[in-house]
């Protein structure tokens, strides 16, 4: 079994000794160091991988850990995903893949890593990636030529996966305009000459969060065409994948050879109104440094947009838009303190925001405010996203700046 979940990264918190390393990150931690903390539950990652594999019916799963594992810490989350049953790891850029490869090696772990977003001018990074065994997604004929050249320089056979554009019209070789039919033989020729090892094709769904949207079946049909084109050209053995998080959980008929979930690995539901037994991975909490009495008729924060209608007490929460709190959520979300919800009032500032406690709340400086929680009744990423007019993905990736991160629930 892969290990390395408990190794620290540069942003990890020192162990405050408050949370047992048993995966129970659902209990508020009043003793985390500093003012603003992010706790990542690796046991929840493992649970979610198992739940996704079961729902998808797929024997193989690629856990997407791009963008520093959605801001949860790529090395630790990657190890947890592998321990939970993930077969491969996916990232966006070549540099991400190289950094992750190095971090896993330091933890005594190895894994197949696929990177799919790169420029043909990244010659040094590409050569380093193929030399270290990174699988490379290829979205054009020009990218294919660059990979072949990099393999020659490194004296290795690059492992590549063709990227088919089946309807998202973002990256990839278009199936509908005949481009894939034209380029597929070039993949096969390079494959048969030993210049590359083409492992198959992948694509990405545009409307998978709407499971019954006919676009999903349209894209699946085009994907099958791309698979057939590669096979007919001479790439017989393929490992093909189309399904992202929502499709993995709701469309097992689209699982093909492997599924490629991202958001659901982190315990957030990708399809509105449906639940799949996932466990949220992230807690985002802040320690209250200041509580003050504010008389009736006083305005709060910049622009004086909110005025007290009674004598009240307020708490300062040391988390602002520099730390990832969306300013667009101002006045529209709650935090939880000692199990009770309190509204945020006035405008979110760069370093802080204000919470209205009411006149008699038993809240003291040093108490912890839960911004995004994991327990029932606590604020969720979905709620904060709705307040900010965005999606839960953006909230999951939001913590930054002075947010200090630690991981619990790892496997020794």
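Glycine too: its Cβ is placed from the backbone N, Cα and C atoms.
Looking at 1-25, 26-50, the range annotated in TrEMBL as region 'Disordered' turns out to be 1-25.
The candidate set comprises the recorded positions 66, 350. Of these, 66 has the most other Cβ atoms within 10 Å.
In the predicted model, the domain 'Alanine racemase C-terminal' (281-408) shows an average pLDDT of 98.
Nearest by CA distance to residue 66 (active site, proton acceptor), out of the recorded positions 170, 302, 350, is 170. For the domain 'Alanine racemase C-terminal' (281-408), the number of residues in each DSSP class (helix H, G, I; strand E, B; coil) is 22 helix, 47 strand, 59 coil.
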